[in-house]
């Protein structure tokens, strides 16, 4: 499931910030 903030992306099992 994708539980990231609007400006974050989901990769495998964690979120990362997209710049």
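Heads up, the Cβ atoms here are built off N, Cα and C, so glycines get one too.
These numbers come from a predicted model, not from an experiment.
Features as listed in Swiss-Prot:
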DISULFID  4-15  disulfide bond
DOMAIN    1-19  domain 'C-type lectin'
I want to verify one value. Collapsing DSSP to three states, which class is residue 4 (disulfide bond)?
coil
Return one of helix, strand or coil for residue 15 (disulfide bond), based on DSSP.
strand
